[in-house]
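> Sharing a structure, written as structure tokens. Questions coming.
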Amino acid sequence: MIDIPAVEKFKARINGDPHLKELIKGSLTFFVLRVLGFAVAYIFTLSVTRNLGAGAWGIFALCLTVLQITSVIGRLGLDTALLRFIAQYNAQGKGATARSIYLKSLILVVPFSLSLSVALYFLAPVLSEKVFGKSYLTPYLRFTVLAVIPFVLLYINSESLRAFKKIKEYTIFQNLLPFLIALFFLGIFFTYLHIKSTEAVIYAYVIGIGIAFLLSSLLLQREFVKTNGIREDISLRDILSVSFPMLMSSSLSMIMSWTDTIMLGMWRTEEEVGIYNVAVRLSTITSFTLMAINSIAAPKFAEFWGKNDLEGLKKVAQQSTKLIFWNSAPILVLYIFFPEFFMGIFGEEFKKGAMALVILSLGQFVNAASGSVGYILNMTNNQRILLYTALLSTLVNIVLNFILIPKYGLLGAAISTAITVTLWNILCILYLKVNYKLRFFYLPNFLERRCF
């Protein structure tokens with residue numbers, strides 16, 4: 001039976017706290033649209049595999065991976081920097097400054113992305129033959145070049161919309177619209193034009209990215225038109241001094257997520273790599289909650305920082321951490337107590353990774369209890385601290401993998417990852433505690449809540 005007074009009390013609490021209400025509303029919006037985006041991407045995948053087979057999808061997946069890596073470099077970290085700058089300067093009543101920084105970011109990003117596109121075009125044969133060992137990939141990689149600039153700018157625009165707290169639009173442009181438009185054009189190619197080829201799949205996706213970019217530009221300009229206020233002259237050097245550490249820390253995070261799998265593949269069998277990959281995917285499913293809450297929490301952190309409101313920042317950070325913990329904990333508890341069941345879903349041999357799942361889940365518990373510390377550092381002009389912690393954590397991860405994987409295999413990789421995740425979060429928490437007297441680590445009362 002539902003406890004009506006408790007529900008009413010909860011509703012009253014949300015309605016009485018605009019920041020908590022905004023956190024929950026923004027998170028739910030992101031969650032629903034992200035799930036819808038997954039569904040559309042799945043239908044797109046199904047359309048390709050049913051009509052052209054797994055080989056065509058494999059080619060597209062490789063091209064998409066190259067595009068994503070190229071775009072991370074091409075953005076120069078400016079997507080995250082703009083998230084901070086726009087939210088911060090709008091909060092200070094300096095909307096004209098925010099617009100100026102956005103335009104200067106385009107001056108940096110467009111020519112750099114163009115040079116990456118040209119490089120990718122001419123290096124396509126080398127990537128195809130030397131990296132992938134598949135010379136037939138060359139024309140497909142060259143088709144992909146067409147998407148580099150719009151893909152980079154789409155992320156720049158969507159993160160800028162996120163800074164305006166347009167969570168619905170941000171999620172639609174990053175996670176839903178490109179594949180939705182691509183699916184529409186794929187249907188036209190397959191059904192009406194009778195063009196069933198891998199090229200058609202790539203062209204459909206390129207068109208989807210291009211149209212999504214144009215629409216995001218129109219919507220973002222509408223937001224900038226509404227802004228006004230003081231215009232400060234922020235130099236390109238100052239912008240890059242913020243964005244470059246953000247680029248490096250996000251790149252190190254990606255490298256760290258790949259290192260354990262790569263090093264496991266160097267010393268152990270393909271079977272162990274496959275089992276470990278499944279354990280990692282299961283343990284990190286809770287990052288979905290982290291992304292949902294961070295979608296709205298990040299611009300709010302920058303907003304409070306811009307207003308020099310540390311108490312407001314602290315309150316929202318603690319609220320977001322609590323939400324992340326309670327949305328992640330139930331899944332992680334199930335993984336810890338029933339690891340063989342969840343691993344066994346993928347096949348009997350995957351049960352060998354049960355203990356790895358337990359260890360990885362313990363690491364994710366620390367991650368969930370730490371909340372949004374990475375975004376807090378980035379949004380409060382501490383991006384270099386995040387870079388240093390990322391660099392140290394990556395080095396520790398590599399050393400631990402080197403020591404543990406040859407002897408313990410996938411269990412060693414899991415231990416290394418859990419230790420590294422814990423180290424990274426604790427370093428960030430300690431920095432915020434020592435320098436700002438801000439406490440974020442959350443544990444519920446029955447676990448004797450403690451803050452570092």
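Just so it is clear, glycine is given a Cβ too, placed from its N, Cα and C backbone atoms.
Straight from TrEMBL, here's the annotation block:
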type     : residues : note
TRANSMEM : 28-48    : transmembrane segment
TRANSMEM : 54-78    : transmembrane segment
TRANSMEM : 101-124  : transmembrane segment
TRANSMEM : 136-156  : transmembrane segment
TRANSMEM : 176-195  : transmembrane segment
TRANSMEM : 201-220  : transmembrane segment
TRANSMEM : 240-258  : transmembrane segment
TRANSMEM : 278-302  : transmembrane segment
TRANSMEM : 323-347  : transmembrane segment
TRANSMEM : 353-378  : transmembrane segment
TRANSMEM : 385-404  : transmembrane segment
TRANSMEM : 410-432  : transmembrane segment
> Under a criterion of three or more Cβ pairs within a distance under 8 Å and sequence separation of at least 6, are the transmembrane segment (176-195) and the transmembrane segment (353-378) in contact?
no
> Give the one range among 28-48, 240-258, 385-404 whose Cβ atoms make the most pairs under 8 Å with those of the transmembrane segment (278-302).
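The stretch with the most contacts is 28-48.
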> Which residues of the chain, 6 or more past the ends of the transmembrane segment (28-48), have a CB below 8 A from one of its CBs?
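The answer is 56-57, 60, 167-168, 170-172, 175-176, 179-180, 182-183, 186-187, 190, 201, 288, 291-292, 295-296.
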> Can you work out which residues elsewhere in the same chain, 6+ from the ends of the transmembrane segment (201-220), have a Cβ less than 8 Å from its Cβ atoms?
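Cβ under 8 Å, 6 or more out: 48, 52, 56, 60, 63-64, 102, 140, 143-144, 146-147, 150-151, 153-154, 157-158, 160-161, 166, 169, 173, 177-183, 185-186, 189.
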> Taking the transmembrane segment (101-124) as the reference, which of 54-78, 323-347, 385-404 gives the largest number of Cβ pairs under 8 angstroms?
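Ranked by Cβ pairs under 8 Å, first place goes to 54-78.
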> Short question: which residues 6 or more past the ends of the transmembrane segment (54-78) have a Cβ under 8 Å from it?
45, 48, 105, 108-109, 112-113, 116-117, 120, 127, 132, 137, 140-141, 143-144, 147-149, 151-152, 155-156, 197-198, 201-202, 205, 239-240, 242-248, 250-251, 254
